[in-house]
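For reference, Swiss-Prot has these:
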ACT_SITE  CYS322  active site
DOMAIN    266-373  domain 'Rhodanese'
MOD_RES   SER2  N-acetylserine
MOD_RES   SER20  phosphoserine
MOD_RES   SER38  phosphoserine
MOD_RES   SER54  phosphoserine
MOD_RES   SER58  phosphoserine
MOD_RES   SER61  phosphoserine
MOD_RES   THR64  phosphothreonine
MOD_RES   SER126  phosphoserine
MOD_RES   THR127  phosphothreonine
MOD_RES   SER198  phosphoserine
MOD_RES   SER219  phosphoserine
MOD_RES   SER418  phosphoserine
REGION    1-20  region 'Disordered'
Amino acid sequence: MSTGPFPSSRREESSVSAPSFRFSQRKMLNLLLERNTSFTQDFPRSPGDKLLDSTNLSILSGGTPKRCLDLSNLSNGEMSASPLITSADFDDTGSLDSSGPQDVQLTEKNHHQDPMKGIPVQLLCSTPNALDHSHRKKDAVRGLSANKENINTNLKTLQWESPRIPRFQNTPGDPLASPLPLLGNGVSMDTEVRSLGSPITAVPKLSKNLNLEDQEEISEEPMEFSLEDHDTKECVLPTVSGKHQDLKYITPDTVAALLSGKFQGLIEKFYIIDCRYPYEYLGGHILGAINLCSQKELHEFFLKKPIVPLDIQKRVIIVFLCEFSSERGPRMCRSLRRKDRALNQYPALYYPELYILKGGYRDFFPEYTELCEPQGYCPMHHQDHQAELLMWRNQSKAQEGERQLSEQIALLMKKGVSLP
């Protein structure tokens with residue numbers, strides 16, 4: 001049955017328009033594919049990245065065979081599905097094909113790559129694209145964990161992050177270089193830290209448990225060495241070591257030789273100063289000794305009118321003693337030296353040679369009783385002189401307080417501080 005010219009023309013138009021429709025559909029599909037594979041500012045991607053990309057998750061999910069839809073027959077209203085060819089290996093372009101339950105292995109040009117060798121030595125900065133890329137990886141990993149029942153367990157090796165090449169390479173001597181250990185050389189952070197010597201750990205710790213004797217020595221050293229005089233002139237009398245390192249000690253034998261005139265060719269005059277209290281001095285003292293128990297009397301005796309030797313080749317020496325030559329004798333000796341130093345310009349002194357009788361009168365009396373007058377020995381704590389002992393001690397403390405106050409006032413005046 002003839003339908004006229006119009007039906008035939010319609011068939012011709014449909015036959016002509018069908019290829020053009022398929023061509024337009026393919027063109028749109030190619031545009032979509034080109035859009036997905038267009039160049040971006042992201043870092044170069046590795047096969048591991050493409051495996052973790054969200055666009056490939058559909059291939060990894062489930063065990064159902066995948067079909068490829070043919071869109072060429074859309075004009076006829078038919079769609080054909082063809083099975084997708086799967087493979088467990090990567091092709092040359094780095095794309096991944098699914099092979100169902102087969103094991104997935106990462107290979108690159110037929111050789112294994114050390115994951116630590118590909119990590120950059122130092123990364124100076126990060127870009128927003130790298131951060132976005134890392135976020136996409138995190139989403140992909142969460143998607144894999146959510147669908148872990150349908151994924152092969154051998155895919156756990158894909159959690160390793162592929163090496164990246166930083167956009168900015170560090171230069172030698174760059175101040176912004178990271179101090180992290182060189183992972184590319186296989187050096188661990190612990191080894192790097194241990195190789196750096198710390199000055200804090202190298203310092204030995206001080207002992208907290210000091211003996212009482214050591215503490216006393218430490219507290220006394222500044223006072224002793226501050227009063228020490230480094231005289232280049234040799235001493236006339238032979239000296240020995242004593243309790244105070246800054247003072248010069250002589251033995252009772254030397255004092256006895258001095259009294260016998262053994263050193264007349266070197267010494268013009270000598271003075272033996274007995275620093276004990278008057279009741280001790282009256283109980284027995286060395287022949288020719290002068291009793292001076294206060295610093296004021298000592299200064300007036302020797303410094304009010306200094307004793308100068310007539311022969312410049314000879315010297316004037318002073319020997320101090322008390323009962324044990326432990327406290328009072330050394331204190332008086334230091335007082336005279338301090339005052340003498342203040343009245344002269346260093347290193348000049350009126351009395352450069354001051355000595356201490358080691359052991360005091362207690363050691364001298366038993367050995368040289370004939371050189372004592374009277375020939376007796378009255379100790380400081382004698383039962384018959386307790387009241388006198390208390391009186392002289394109070395007087396000595398008062399004089400010491402006045403001396404310290406006068407020294408502080410003189411020091412303030414020297415610094416220019418006005419007193420009220």
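In case you wondered, yes, glycine gets a Cβ from its N, Cα and C as well.
Not measured: the values here are computed from a predicted model.
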Whole-number answer please: how many Å between the C-alpha atoms of SER20 (phosphoserine) and the residue listed as 'active site'?
132
The residue listed as 'active site' CB neighbourhood, other CB atoms within 10 A:
25
Taking the Cβ of SER20 (phosphoserine) as centre, how many other Cβ atoms lie within 10 Å?
10
In DSSP terms, helix, strand or coil for SER20 (phosphoserine)?
helix
Where does the mean pLDDT land for the domain 'Rhodanese' (266-373)?
96
